[in-house]
Amino acid sequence: MLWFMEGICFLPISLVIMSSSTFIVSYLIALFEHDVDVIFPYISDTGAEPPESCVFGLMTVITAFAGMATMYARYKFVEKLNEKAGGVPPALNQAAFWIGMLSCLGMCFVATFQETTITAVHDAGAILFFVSGVLYTILQSIISYKAFPYGCSLALCRVRTGMATIAFLAVFPTVVCAIFVTQTTLHRKTEDEDNVFHLVSAVSEWIVVFSFIFFFFTYIHDFKKFTLKLRTEFVS
């Protein structure tokens, strides 16, 4: 059996491919349409105008549901692992799961409310996505250490901690510098007073997002070890 067909590792693989494609494809379309600048636009800028907004919205919603499925599978994996080995408090596992669901909900808001139409809802969804996403990676890193050596290797625990740390450090300039960005134009000029804040915020945003992507990539190792089955019961 091929490695990507073992267990249910197709879930994190699909999530990584879909999420990466979402941001890259919409960025390339926006560049082709001359809707954004080449150098580090906000990710949301690449999905603000049609036709890229249609692609961005559709693919982001699909990514959100793929994230939900992956997070649920991770939750059930830790739950089953805990039955045999212990070490992970059930409340911690549940908290990570529901915080992960909130981050996916934030993605749906970002996808359906473009920043150029209903900015307040879009920004609220973005903050929900980033903050919840960072908390999710931190909690899952803690869970990985508590489940060691039954869940994954020590090296993989450290990789997850590194990705979570990068996301945690990058989310602050993403949010704080965005507060000082006063212009909502999709095209920036170097002489703009808020250009430095925009550049720092945008670069940090891309770092946070791809930290999430690489974090989920580490799930492939765990997801090779188990499968999920759906059981239907009739109640008379």
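Just so it is clear, glycine is given a Cβ too, placed from its N, Cα and C backbone atoms.
Keep in mind that what you see is a predicted model, and the values were worked out from it rather than measured.
Here is what TrEMBL records for this protein:
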DOMAIN    9-225  domain 'CWH43-like N-terminal'
TRANSMEM  7-32  transmembrane segment
TRANSMEM  55-75  transmembrane segment
TRANSMEM  95-113  transmembrane segment
TRANSMEM  125-145  transmembrane segment
TRANSMEM  166-184  transmembrane segment
TRANSMEM  196-220  transmembrane segment
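When Cβ distances are compared across the two stretches, the transmembrane segment (196-220) makes no contact with the transmembrane segment (95-113), since fewer than 3 pairs at least 6 residues apart fall below 8 angstroms.
Note on the transmembrane segment (166-184): residues 115-116, 119, 127, 130-131, 133-134, 137-138, 192-194, 197-198, 200-201, 204-205, 207-208, 211-212, 215 of its chain, located 6 or more positions outside it, place their CB under 8 angstroms from a CB of the stretch. In the predicted structure, the domain 'CWH43-like N-terminal' (9-225) carries a mean pLDDT of 90. Within its own chain, the transmembrane segment (55-75) is flanked in space by residues 8, 11-12, 14-15, 18-19, 21-22, 25-26, 29, 46-47, 93-94, 96-97, 100-101, 103-105, 107-108, 110-112, 114, 136, 140, 216, 219, 222-223, 228, which lie at least six positions past its ends and keep a Cβ under 8 Å from the stretch.
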